[in-house]
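S.K.: The structure follows.
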Amino acid sequence: MVWVHHHLRRLKSTRLWGGAFLCWVCLMLTTPKIPHSPKHHVFADMRNFLGVPNTLNVISNFPFLVVGVLGLVLCLQGSLFAISLRGEVWGWAFFYAGVTAMAFGSAYYHLKPDDDRVLWDRLPMMVAYASLFSSFIIERVGERVGLISLFLLLLMSLASIAYERSFNDLRLCMMFHLIPCIAIPTMTFVFPPKYTHSRYWLWAAGVYLLAKFEGIVDRKIYGSNHYIISGHSLEHLCLVMIPVLLSMMLIYRSIKIPRYTTYQHGKHGSSVSCCAYVLALNLGITCLLNLFCFFIVQIN
């Protein structure tokens, strides 16, 4: 009887995986690709101060270096942040390392924006998003599932960059950028929190959406404040608030529900079933974001 129940659970997970993957394939085949455009590298504020091209867009990346290095040191030091699992250390360490790399990659890109340099702007962000999402999965689902997700999402980020460079198609990268702000709030209501102060996850997702909005209305913000600072520079400053908020969460939170009592084997499904559910949910959200990205580009 136990074997039959386990077999049915695996069959359900397989169908969930298959359905989500089929939707993703159909959308990739039916929606046109989004190629590189010179307009992607033209920002509202391209002023030059003290010989530094695009000065404000470059120096507004400096806070990423400060927050990233401090967060990485505190994460590895282990006494200030409330981290109870070794897998969480890996997830948060990759996140803060990605934030630190964003400072160098984005500054390098904005010194001379073009299709070749944009790789170094996107890759650190995708590593940070992948590790952040994996840390959330470790907290909400389990350590083993989260570490598997970390490995797979890091591979997906590299594959998305390779696909973009090989086929001149931005769809996978655009979807990868939007996944955390949609998936994290959704999963907040599916899986119970292990720690207190879980509302910081929702605040971080809201700040991310605000930052992306500032980037979209780059020129309008630049004109509305009499050409002092552009929306893209404000986007950088807004994005740096995400690791700041999450660092505050790590400092103040405490264990609320021990993970073994929430997803104990034999009562709430195996880790493999949880992993299939989480990643299939992620893939399904990716399908919806594919359409969203396509319509946004068509409108602009």
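Glycine too: its Cβ is placed from the backbone N, Cα and C atoms.
On a predicted model such as this, the values are computed, not experimentally measured, just so you know.
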S.K.: Tell me which of 175-194, 215-234 corresponds to the transmembrane segment entry in TrEMBL.
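M.R.: Spelled out, TrEMBL records transmembrane segment over residues 175-194, not the other listed ranges.
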S.K.: Using Cβ distances below 8 Å and needing 3 or more such pairs, separated by at least 6 in sequence, tell me whether the transmembrane segment (89-111) contacts the transmembrane segment (175-194).
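M.R.: They are not in contact.
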S.K.: In the same chain, which residue numbers or ranges, 6 or more beyond the ends of the transmembrane segment (237-255), come under 8 angstroms Cβ to Cβ?
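M.R.: Sequence-remote neighbours of the transmembrane segment (237-255) are 60, 63-64, 67-68, 70-71, 74-75, 80-84, 92, 95-96, 99, 132, 194-198, 200-201, 203-204, 207-208, 210-211, 214.
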S.K.: Who are the chain neighbours of the transmembrane segment (56-83) in space, where the CB to CB distance is under 8 Å and they lie at least 6 residues beyond its ends?
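M.R.: Distant Cβ neighbours of the transmembrane segment (56-83) are 43, 45-47, 49, 89, 92-93, 95-104, 106-107, 110-111, 195, 229-230, 232-233, 236-237, 239-240, 243-244, 247, 250-255.
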